[in-house]
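Annotated features, as they stand in TrEMBL:
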TRANSMEM  7-28  transmembrane segment
TRANSMEM  40-64  transmembrane segment
TRANSMEM  71-88  transmembrane segment
TRANSMEM  94-117  transmembrane segment
TRANSMEM  129-154  transmembrane segment
TRANSMEM  160-179  transmembrane segment
TRANSMEM  200-223  transmembrane segment
TRANSMEM  229-250  transmembrane segment
TRANSMEM  262-280  transmembrane segment
TRANSMEM  286-307  transmembrane segment
TRANSMEM  319-338  transmembrane segment
TRANSMEM  350-368  transmembrane segment
Amino acid sequence: MNVDKNFLVFSIAFGLIFFSFAAAQLYLTVEFNKTSNLDIAFMSILLIYLFAAIFSPISAYVVSKFNPKKGIIISGIVYLIFCGVLVTKNEMAIYIVSALLGIASSVLWTSCGTYILSITSKNYYGRALGIFNTVFSLMCILGMLTLGTLLSYYDFKISYLLILIPGIAGFFMLFRINDLKISKCPNFKEGLKNFFNPKFLIFLPVYVAQGFLFSLTIGVIPIEIKDMFSEIFVGIFGMLFYLIPLFSAYGVGKISDRLGRPVLFIACYILIGVAMLIMLNKENFILGIFIFAIAFSFTRVLLIAYVGDLCKGKNLESGNALFNTALNLGVVFGFLTFMLIKNNNSGGDLIYIISFFITIFSLLGFVVEKKFR
């Protein structure tokens, strides 16, 4: 597979924006927890993914009406504004920008998936997404390391403002990628059928589970890590979910092109289920995290590629929008579940038991699929 220069520029520019955002998001709950503002952090994250879920179906129209490049650029502005507003710790401002970020997120990821799949041959979806995830992971790791270092020398405000610089550079790089015209309105209307197609709907639980599990990585587990060890381990844990794809994303993508995405989804989700059970025992908590991180990181490479498989290269906007909706609903469901458990003073382990059942039952879609062949 020859790597196109435009594809690399896009991957680096996109990654630089998340150099800033992923770092800010990782330390959000930890930093706000220091000042007893944890509820603000959780509500902020909840608003982001709630509005992302609500507006993801509409994002398909936005991307088809304009084009992925414009969608990514406009959304990128909101991501950077969010990182800047966090330094104010103004509750109302954070909530407003969080809602806007959710809307921007729906457009960003629909645009991203559509852009990559549109410039890539169907036979190389996995490898292309592998390269994209490798660059993405590298940038996120560097961002987390940088912010962690900054927080050890400077206060919260200065650190969060400095971490914005690479993101701003990435934003301006986006203007250099090739423009891409996708489907017109007739195809968009045709693509709406994806939202009611049983062949698509049976796989929504796989993406809901993915979102639910992601909520653990940015909400529940960082707090547990801090309580069990120290704040520095939060950064180490966070980097683990990006360090693994850095060295494995291309290989996983290449294997998925050959064996098929379903095989890897099933294997990885079973491993994740095992990891959830292991994490119930705090003595083996770190082992559970490692297994979870490996399996979960592998599945991240498959998400957009599998949308391309199901869409067969057509109506990519609506396909990406549909599965992004499911993924964002999973994140919202995850945070609501954790907040409910927390408010009722239920055992903290309950979240891992729920995660186990959601993950395993989501695989039923691959069994049901045989009826549609």
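Our numbering is plain: 1 for the first residue shown, then up by one each step along the chain.
Just so you know, glycine gets a Cβ as well, placed from its N, Cα and C.
When Cβ distances are compared across the two stretches, the transmembrane segment (286-307) makes contact with the transmembrane segment (94-117), since 3 or more pairs at least 6 residues apart fall below 8 angstroms.
Note: the stretches the transmembrane segment (40-64) and the transmembrane segment (319-338) are in contact (3+ CB pairs below 8 A, sequence gap of 6 or more). Cβ atoms under 8 Å from those of the transmembrane segment (71-88) belong to residues 14, 17, 20-21, 24, 28, 59, 62-63, 94, 97-98, 100-101, 103-105, 107-108, 110-112, 115, 156-157, 160-161, 163-164, 167-168, 170-171, 174-175 of the same chain, restricted to positions at least 6 beyond its ends.
Most Cβ pairs within less than 8 Å of the transmembrane segment (160-179), among stretches 7-28, 94-117, 129-154, 262-280, 319-338, belong to 7-28.
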